[in-house]
Amino acid sequence: MNEGYNCGLSFWHPKWLQKFANIRWFMAVYGLLGTVQGISTTYLIATITTLERRFHMPSQTTGIVLSGNEISQIFLSLILSYIGGQKNRPRWIAWGMVFCGLSCLVIATPHLIYGLGEETFHLTKEYYDGIGRNWTDAISANATAAAGPSHKRSSLCETIGVDNKKCNNLVTLLPLILIFLSQFILGVGNTLYYTLGQTYVDDNTKKKNTPLLFAYALAMRMIGPTLGFILGTGMLSIFIDPSKTPLIKGTDPRWLGAWWLGWIIIGFIMFIFSGLLALFPQQLPRKDQHIVDNSISDTPRSTELFSLNATVIPEKKIEETQTMERSEISWEDFISSLKRVLPNKIVFYNNLSGVFYILGAAGYVTYLGRYVEVQFQRSSKNATGLSGALPMLGMMTGIIVSGWVLSKKRPAASKVLFWNVIIGCCYVIGQFSYLFFYCPDNSASLLKERAIVNTCNENCHCDEVRYTPVCHEPSNQVFFSPCHAGCKTWEPKQNIYSNCSCLSNNTTPFFSTISPLDSLASTIKPPPAEVLVGGLCTAKNCSIQFYAFALFTMFIGWLNSTGKIGNILVNYRAVADKDKAFTQGLTLTVLSLCAFIPGPIIYGRIIDTACISWNTTCGKRGDCQLYDQNALRYYMVGMGMVFTAVGTIFDYLVWYYGKNIDFYGDATITEDQAEKPRNGEVIEPLIN
């Protein structure tokens, strides 16, 4: 028996396991593993704002920390794809998933070390029980002052200053290092998953079936992001320390959810699927030469999507694949592969197109939660659930539809590639439309026009109080914090602040969310009640804008995803079979170096530029508390449009040079034919 065709590990290859040695079962496991990977990607997006607030990270710092994933891909993707492409690819992918699972546990480690944080602990029942106070009583400034010098003051108006001892308890660089390390480890796993998995599929089925299988794999991965956003919403609805009793609600800006808990769940799921994937053989057997007993080989036929295990792969392809698997690894062959792929114009322009498209979407992908929080006044736990899940569903549908069309209708490469140009133009228009989706917010302009320290709160020591908005519901007026409103009493049961010196008929609040006409009408109303409620005032008709934005992004996601399969096929059909895994590694290196690393850093810088109020502790700037809504929207949309427009230009060049490629032929491309379309037209090399 040829162990290269058998499912199992080492010397363990039971007969009952061999019925799973087909493309149908591999795609099932590989697709589910992609789903879990997708969950981890968007779970990070859903929880990133909570991480920033917990460890006081500016958005630009966040972008740098998260670049660890791409840094490892830059240094390792070419080597791993070259070596892994000539070994047992399923087993190498499995080891990659072990690394991914390990990265999930590493990123959760900062919480295990630092816990919920001192500021958040002061918002729990257990804290007040510890200082001998009954949390059900109204908490006054006098009571907090009596807590002793070690007490870090609350956001109420107080006559005492900042306790400098708290500066000794600031979070160190260790959480940032651990998060960076987790992303670096994750990059190793992602490299093996992408570069080896797709080539393994393409080598074990007819090329005309490849688009449908790729569509299935990508669609399964699109399910993951949807589940990731749902998981993020669920975890952020749980208090960061489930053993504590919070005194604030999830809609309070000070709320921190259990961001770390989801990572532990995702990590263990990855460990399970990595074990299943490691059981697949180095090469899937052909139907006409199945090496197991007849009783085992008589497996029932599956549905059309998964009946590809019945495909007879050409003998020539099998022999070449086996030769490739048995070839010796050498530095000379590595250089030869590099020389064959680098001058390929089609691959070059296709990679640049991917770079600029990723840069165009990086702001919305990485900082979606922050964008939705600012533009639609949503809490962190509700920011990405719907707005993140709907676009993923649209993308999943688009990928399935495009994969089916490519496999069944088999449109010419010229039509497929020109469709990508059309999509790029539509995407630019769609990004421009984002300018009109937002809920009006006067806080940014009013904050820049006037100081937030008035005579009514100048003795309250509010200089380092975090952004904790409180709302005067009768007048729809908002103050920066209870301290800035001059409030001296807090009732935690109802989250109500009272005894506020700035809330009077002849004192103007921090800012108002009502129009001047409504403000004039309010002057004839009875004097408002002397209480404030924690949280922002609810913006009128904001839900309509938010749902419209979510539905529109779903449509844009669907349209954009219909071209993804074509972009993937280009890199497989423009090179020789032996260079496919290497080309994927090169593509991943280029995308990581030119898009995945700079993208979050660029947009992080843009987001920080729109910040107009920073959280400052002991003289050190931390995370942003309040943003200029219009500036944030203009900067992100404008930058995204520029990048996408450039990507569309490179898509046009891919169409120009690659319109005669054969996407569906079963003939194997040789090295001499790798840079030529099927009709013999010579493509000029990029480097002479």
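Note that Cβ sites are derived from N, Cα and C of the backbone, with glycine treated the same way.
Feature annotation from TrEMBL assigns transmembrane segment to 25-46 (among others). Residues 66, 90, 93, 97, 100, 104, 186, 190, 193, 197, 200-201, 204, 213, 216-229, 231-233, 235-236, 262-263, 266, 269-270, 273-274, 276-277, 280, 284, 306, 309, 365-366, 368-369, 383-385, 388, 392 of the same chain, all 6+ positions outside the transmembrane segment (25-46), place their C-beta atoms under 8 angstroms from a C-beta of that stretch.
For 66-85 (among others), the entry in TrEMBL reads transmembrane segment.
Taken from TrEMBL, the feature transmembrane segment covers 92-114 (among others).
With a cut-off of 8 Å between Cβ atoms, the residues of this chain six or more beyond the transmembrane segment (173-193) that come close are 33-34, 37, 40, 51, 55, 57, 61, 65-73, 76-77, 80-81, 84, 92-93, 95-100, 102-104, 106-107, 109-110, 113-114, 585, 588, 592. Taken from TrEMBL, the feature transmembrane segment covers 173-193 (among others).
What TrEMBL records for 213-240 (among others) is transmembrane segment.
Remote same-chain residues near the transmembrane segment (260-280) are listed as 7-9, 17, 20-21, 25-26, 29-30, 32-33, 36-37, 39-40, 43, 47, 90-91, 93-98, 100-105, 107-108, 110-112, 231-232, 234-235, 238, 240, 242 (criterion: CB distance under 8 Å, separation of at least six residues from the stretch ends). Here TrEMBL flags 260-280 (among others) as transmembrane segment.
Sequence-distant contacts of the transmembrane segment (346-368) (same chain, six or more residues past either end, CB-CB distance under 8 Å): 45, 48, 59, 63, 66, 383-384, 387-388, 420, 424, 427, 431, 553, 567, 570-571, 574-575, 583, 586-587, 590-591, 594-596, 598-600, 602-604, 606-607, 636, 639-644, 646-648, 650-651, 653-654, 657-658, 661, 675, 683, 686. Annotation source TrEMBL lists transmembrane segment at 346-368 (among others).
Using a Cβ-Cβ cut-off under 8 Å and counting only residues 6 or more beyond its ends in the same chain, the transmembrane segment (388-406) has close neighbours at 38, 42, 45-46, 211-216, 218-219, 222-223, 225-226, 228-230, 232, 368, 416, 550-551, 553-566, 569, 663. Residues or ranges marked as transmembrane segment by TrEMBL: 388-406 (among others).
With a threshold of 8 Å between CB atoms, the same-chain residues lying at least 6 positions outside the transmembrane segment (418-438) that come near it are 353, 357, 360, 375-376, 545, 548-549, 552, 555-556, 559-560, 562-563, 566-567, 629, 633-634, 637, 640-641, 644-645, 647-648, 651-652, 654-655, 659. Under the heading transmembrane segment, TrEMBL lists 418-438 (among others).
The transmembrane segment annotation in TrEMBL covers 634-655 (among others). Cβ atoms under 8 Å from those of the transmembrane segment (634-655) belong to residues 345-346, 349-350, 352-357, 359-361, 363-364, 367, 371, 414, 417-418, 420-421, 424-425, 427-428, 431-432, 434-435, 567, 570, 602-603, 606-607, 609-610 of the same chain, restricted to positions at least 6 beyond its ends.
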(request) May I ask for the residues of the chain that lie six or more residues beyond the transmembrane segment (66-85) and have a Cβ under 8 Å from a Cβ within it? (result) 44, 92-93, 179-188, 190-192, 195-196, 199, 324, 329, 334, 337, 366, 580-582, 584-586, 588-589, 592-593, 596-597, 600-601
